[in-house]
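Engineer: One structure coming up, written as structure tokens, with questions to follow.
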Ligand SMILES: Cc1cc2nc3c(=O)[nH]c(=O)nc-3n(C[C@H](O)[C@H](O)[C@H](O)COP(=O)(O)OP(=O)(O)OC[C@H]3O[C@@H](n4cnc5c(N)ncnc54)[C@H](O)[C@@H]3O)c2cc1C
Ligand SMILES: Cc1cc2nc3c(=O)[nH]c(=O)nc-3n(C[C@H](O)[C@H](O)[C@H](O)COP(=O)(O)OP(=O)(O)OC[C@H]3O[C@@H](n4cnc5c(N)ncnc54)[C@H](O)[C@@H]3O)c2cc1C
């Protein structure tokens, strides 16, 4: 059986949704084996097994949280040496892409990042990527025996598929260089209680038109009525109205929800790069010429301070 | 001792232009204007600030790209970098990320360095992997995706913000750094800077200067292959309504019809 390694993205054993999506994709290609690094493998094993992981290779050491990226590359390299997988799948987070790149170099694998789909093909996995702010779709494959592929969140469904989920200890020797970049302090982000932006089914984003940090409350109220995550344009973030962690676009988060609602966002190319693959796009903007309307499935030309509260009220009424 | 800083800068097609692919599935460069990747301006800016803070520093800007890529070097020189190196070779056409990292790493070693500064991602391929690949190839620490960076006493320190946390990092030189667009607005070249740039040296290197076998790079050397490229079908025109007091309600009806509420 062909082994497909799946790198587990988790916080102390709380597995994040994109990892479960990777397991769905991995099952199309071979037998999924999850690699869990750091604390919490037993907690993670259950959910990984429920979603198709036949085996879970686990290793815990302080190096994973005390040093940047390199120790995790050592561990994945060890897993590759042990199992000779055909494919290694990782989520497309900033850190995972760096891990993927260094791993590909070490194991002689081709590297594909930000895939939005992965299928089995005659010569190995075939990926779909979107390029140039999603104006193009490309299909690629790797010309080496091993493929390292990172996949964007929301690219595959999460499906239950019970498997053994046996936890095994992975033996890892850290290279001297693994400890080159020390993490001297860490401040965890406080949870907003709203869904994680990149994983959310619905995203409500505010732009420069929101015109002030205080006014973001009406964006949050709409988001809460829909159970959505809150996003912001760079203009809103640069103005200090909303934290950078919520920025959507080329230099922010890339989102691909079922529903994207943009209020007071013009739709610049760099913003579109981060949201254009959303399934349904809704825009509220007082300028009928704003480029966001070119993408919108439904657009309201109007003042967001009128439209958004009214919409929120309607949604609440319908849900009540 | 001179602090030797190399800044990697990429020449990319203008994002506001008509970007597309050529018949061989590589980026069509002839039909759209190129420029210095805007995110690499932040790298040049941080290099300039680091140089200002040190007793003695020299900044070399480095690009791997076709003849026109010289424009990216000129821009970086006019911002204040000291000299430039251009790796140009017909065999480089279609090189993938792993191949690009090989060429950049060899060139960086050729130049000699204490610190390599990169942008967070290019604005065309946008993989965000080159800095990590360079650290791997050069066997030095990576301090990447920094929104704040400083160098003192042979150490680089900085802040890296991720989904889950904000972290402070520390590594010894030599090291590879990449900086985000949160690191500080990039300066505009002054008229004096533009004039001075014309006199600054730009060295050209090819694959043989770097001892790289042409089979290791280009489309032939790539470990990935693009099989198909398709333009995304134009979105079917959506419904646009003018708010006359009922816009919010109409939108709610649309969302309900689509089963979002
Ligand atoms: C290298 C680079 C990277 C970038 N990365 C990103 C990125 O990741 N994300 C990003 O978003 N941008 C990014 N940008 C910036 C991008 O180019 C735009 O400047 C930005 O997206 C504009 O944000 P905006 O739409 O909120 O503001 P604007 O373009 O100013 O648009 C505001 C909109 O609000 C509307 N409006 C105003 N008042 C109201 C009202 N009362 N009711 C309804 N509508 C109203 C206006 O009609 C207008 O359309 C990047 C730029 C560069 C150069
Ligand atoms: C749409 C598209 C998709 C692609 N997909 C893949 C893929 O899946 N796999 C693959 O192997 N290749 C891929 N490539 C090719 C790859 O992007 C290039 O080979 C490339 O130069 C490296 O990646 P990047 O441009 O994404 O750089 P990033 O990793 O995003 O760049 C980060 C930083 O590295 C430096 N840098 C990058 N390139 C250069 C350069 N040429 N000269 C100087 N400094 C540089 C800059 O400082 C830059 O800010 C793709 C290219 C395109 C246009």
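Cβ atoms here come from the backbone N, Cα and C positions, even for glycine.
What TrEMBL shows for this protein is this:
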type	residues	note
BINDING	A:208, A:233-234, A:247-251, A:264-271, A:285	FAD binding site
DOMAIN	A:4-183	domain 'Electron transfer flavoprotein alpha/beta-subunit N-terminal'
Engineer: With an 8 Å cut-off on Cβ-Cβ distance and a minimum sequence separation of at least 6, pull the same-chain contacts of residue A:271 (FAD binding site), or say none.
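Structural biologist: Listed in sequence order, they are A:207, A:233, A:234, A:248, A:249, A:250, A:265.
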Engineer: List the same-chain residues at least 6 positions away in sequence whose Cβ sits under 8 Å from the Cβ of residue A:268 (FAD binding site), in sequence order, or say none.
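Structural biologist: Set apart from residue A:268 (FAD binding site) by at least 6 residues yet with Cβ under 8 Å, we have A:233, A:249, A:291.
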Engineer: Given the model, what does the mean pLDDT over the domain 'Electron transfer flavoprotein alpha/beta-subunit N-terminal' (A:4-183) come out as?
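Structural biologist: Mean model confidence (pLDDT) across the domain 'Electron transfer flavoprotein alpha/beta-subunit N-terminal' (A:4-183) is 97.
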Engineer: Report, in sequence order, every one of the binding-site residues (A:208, A:247, A:265, A:268, A:271) having a CB within less than 8 angstroms of a CB belonging to chain B; if no such residue exists, report 'none'.
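Structural biologist: Near chain B - Cβ to Cβ under 8 Å - we find none.
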Engineer: Excluding near sequence neighbours, so keeping only residues 6 or more apart in the same chain, what lies with its CB under 8 A of residue A:247 (FAD binding site)?
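Structural biologist: The answer is A:231, A:232, A:233, A:234, A:237, A:253.
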Engineer: DSSP three-state call for residue A:247 (FAD binding site): helix, strand or coil?
Structural biologist: strand
Engineer: Counting Cβ atoms within 10 Å across all protein chains shown, which of the binding-site residues A:208, A:250, A:265 comes out on top?
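Structural biologist: Top count of Cβ atoms within 10 Å goes to A:265.
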